[in-house]
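Record features (TrEMBL):
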- 1-16: compositional bias 'Low complexity' (COMPBIAS)
- 1-23: region 'Disordered' (REGION)
- 31-55: transmembrane segment (TRANSMEM)
- 67-96: transmembrane segment (TRANSMEM)
- 116-134: transmembrane segment (TRANSMEM)
- 155-174: transmembrane segment (TRANSMEM)
- 218-238: transmembrane segment (TRANSMEM)
- 250-274: transmembrane segment (TRANSMEM)
- 280-299: transmembrane segment (TRANSMEM)
- 311-333: transmembrane segment (TRANSMEM)
- 345-368: transmembrane segment (TRANSMEM)
Amino acid sequence: MVSTDSDSSLLLPSSSNQTKKPPQDKYHLAYITYFILGFGYLLPWNAFITAVDYFSYLYPQASVDRIFAVVYMLVGRVGFYGGFYVTAASVGLSGVADALVQGSIVGSAGELPERYMQAVIAGTAASGVLVSFLRIFTKAVYTQDVYGLQKSANLYFAVSIVIMFICMVLYNLAHKLPIMKYYDEVKIQAVAAEEDNGPLTGSVWRSTVWDTVGTIKWYGFGIMIIYVVTLAIFPGYITEDVHSELLTDWYPVLLITCFNVFDLVGKSLTAVYLLENAKIAIGSCIARLLFFPLFLGCLHGPKFFRTEIPVIILTCILGLTNGYLTSVLMILAPKTVKLQHAETAGIVSVLFLVVGLAAGSIIAWFWVI
């Protein structure tokens with residue numbers, strides 16, 4: 001089970017004489033703060049892919065979903081149209097900002113009890129659910145011409161701007177919460193105890209970083225595989241390669257919503273039960289490679305496989321496993337190292353995640369061809 005604040009003694013260095021108990025997270029303010037920060041840092045990406053109807057209308061010859069995914073991860077150079085170049089550059093800039101913010105937030109949450117990392121990860125999924133519901137609302141209310149699509153896109157980005165502002169305020173207030181001050185003090189004590197054994201010179205620091213990488217490498221490998229599989233299929237394959245005569249242009253909207261809802265369910269499940277067996281978790285990540293032949297069967301397999309029901313079921317399972325396994329590994333990885341190195345472990349985990357995202361977004365161009 002996921003530990004709460006009362007389990008925080010597990011985070012303390014073994015040599016610590018710390019006897020003071022951590023303060024309660026009154027009104028769950030710290031949890032809510034980390035949830036909103038997780039919500040906020042992934043919201044721009046979700047807004048871009050949710051507004052894909054509008055961008056596809058403007059640039060019909062471009063494979064918008066796949067291009068956005070690659071540019072977001074690699075900040076590449078795209079030259080279809082002047083306007084599209086600017087849009088793609090904006091996506092790339094958003095990706096750079098996301099990488100910086102994500103590493104900071106995840107690293108900070110890694111120093112806290114497990115529930116705060118779970119809050120961050122669940123927040124990222126909640127942002128996807130919000131924009132999916134906004135997409136359903138705008139698609140039902142606005143006409144599907146250039147003016148209606150523009151209104152929809154404006155709504156996505158207006159909501160994103162408001163939430164970004166809220167995140168900036170919360171990020172600057174978070175360290176003032178009593179529970180945050182407590183864990184900052186614990187970290188300072190842990191670092192001081194380590195420095196008693198010798199100063200942290202550049203070579204010692206580099207050695208510590210590589211030791212941390214070595215400790216969590218299998219957790220990172222699992223995280224990387226998760227997103228290689230997920231980004232190779234979502235959103236590109238789901239929005240461009242499968243079609244429905246029954247649901248018409250609502251089909252990709254439904255599939256994206258299904259993925260996002262079940263991703264949130266998976267990332268929330270770790271608040272109820274946390275799988276602590278790393279071998280099973282990493283093995284499950286590798287098993288997700290089976291999604292490739294299964295989704296390929298939805299294009300070229302038996303007739304039943306080429307209907308809506310198998311695709312919807314597989315999309316839900318893809319989202320559920322993406323959410324749960326991501327949450328499990330992101331929670332466990334920082335807890336395998338000493339408290340003073342937990343932030344580094346969180347940042348390294350994000351680097352593995354980004355590599356998986358980049359590789360998956362590139363594979364998305366080729367695997368169904």
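Note: Cβ is positioned from N, Cα and C throughout, glycine not excepted.
Note: TrEMBL annotation is automatic and uncurated.
By number of Cβ pairs under 8 Å, the transmembrane segment (116-134) is matched best by 250-274 from the list 155-174, 218-238, 250-274, 280-299, 345-368. For the transmembrane segment (218-238), the partner stretch with the highest count of Cβ pairs under 8 angstroms, out of 155-174, 250-274, 280-299, 311-333, 345-368, is 345-368. Here the transmembrane segment (345-368) has Cβ contacts under 8 Å with residues 63, 66, 69-70, 72-74, 99, 102-104, 106-111, 117, 209, 212-213, 215-216, 219-221, 223-233, 236-237, 241, 292, 296, 299, 326, 329-330, 333-334, 336-337 of the same chain, all six or more residues outside its ends.
Residues 2, 106, 110, 114, 117-118, 121-122, 125, 216, 219-220, 222-223, 226-227, 229-230, 233-234, 238, 242, 254-255, 258-270, 274-276, 278, 281-282, 284-285, 288, 291, 294-295, 298, 345-346, 348-349, 353 of the same chain lie 6 or more positions beyond the ends of the transmembrane segment (311-333) yet place their CB under 8 Å from a CB of it.
With a cut-off of 8 Å between Cβ atoms, the residues of this chain six or more beyond the transmembrane segment (280-299) that come close are 218-219, 221-223, 225-226, 229, 232-233, 237, 241-242, 305-306, 310-311, 314, 318, 321, 325, 328-329, 332, 367-368.
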